[in-house]
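Participant: Mind having a look at this structure? Questions to follow.
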Amino acid sequence: MSNTEERCDLSSSRDCPERHEHLLQRVTARAAEIGGGITVSRLMPSRQRRMIGAWCFLDHAGPAEFEPGGGLAVGPHPHIGLQTFTWMIQGEALHRDSLGNVQVIRPGQVNLMTAGHGIAHTEESLPDERHAHAAQLWIALPYEQRDIAPAFDHHPDLPRWQEQGVTFTLLAGALAGRQAPCRLYSPLLGADLACHDASTLQLTLDPHFEYGLLPLEGGLEVGGEHFAVNELAYLGDGRDGLQLQLDPGARVLLLGGAPFGAEIFMWWNFVGHSKGEIARAQKAWEEGDARFGRLDALEGPRLSAPPIPWKIDAE
């Protein structure tokens, strides 16, 4: 679940309004196709909200049903300057990358791929799979770590507990005295909140974090406003607690993080701290450069990068 769009605009983290304490903002999704006929709801980046902490990309895929042999099919494509983060809710998918990793991700598991200097990978549904429901996110790497060696980690066992009528699964960071196993480079939080019956939930927050709440199923009410599936509730920093009302059968993705101080640029499947970093990565990918690892380990035709939409000599 990556960016396969042929027309890509350059995105800067400073393109949208500054965060404000106690802000409550509704961010609406747009449809994007990612391969294999799978359409996702893309929440970030958008003109309304570029980032939540270091979280800089958010797709909600599904719930989708398809014929066997269909589903997710994203060919070899590159990344730099980020970590990809996949939370699988329903269905199974196969990850392959240019480091030689081959890994099936199943419901309740997380795949975390650190691109750093450069990596390439593929994503596809298993042959007999008929369902897909997942959240795909990117995490921008800080300037000091933007060029680290690539890596891949699979996390099948995550902290899970029940509280206030809600089942919590901790995906990233720390919450309620628990710590997720994911290796991160910025202060972040990710959690899945699911309930059977309608629930009122009191959350303890870090006032130094900004937050987002995305209903993946059902809906929620916060600050007197109701948010449906694929409506992201963005909350500025400055809160030490929050009360939520969850609809019956709701599932909500909770994201948080310390505001990302540096400006980053996003274009196609690249994150850079300058446009020059992105332009160099695009050129290296089109030339089949060894920067992106063993491309012969990946099956299928490579995705071609769109032309750079700005003047390279103006860097």
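For all residues, glycine too, the Cβ spot is worked out from N, Cα and C.
Here's the feature list from Swiss-Prot:
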BINDING   His77, His79, His121, Glu123  divalent metal cation binding site
Participant: Can you count the other CB atoms that lie within 10 A of the CB of His79 (divalent metal cation binding site)?
Facilitator: 27
Participant: Among the binding-site residues His77, His121, whose Cβ has the fewest other Cβ atoms within 10 Å?
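Facilitator: It is His77 that, of the binding-site residues His77, His121, has the fewest other Cβ atoms within 10 Å.
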Participant: Over all shown protein chains, what is the count of other CB atoms within 10 A of the CB belonging to Glu123 (divalent metal cation binding site)?
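Facilitator: Glu123 (divalent metal cation binding site): 26 neighbouring Cβ atoms within 10 Å.
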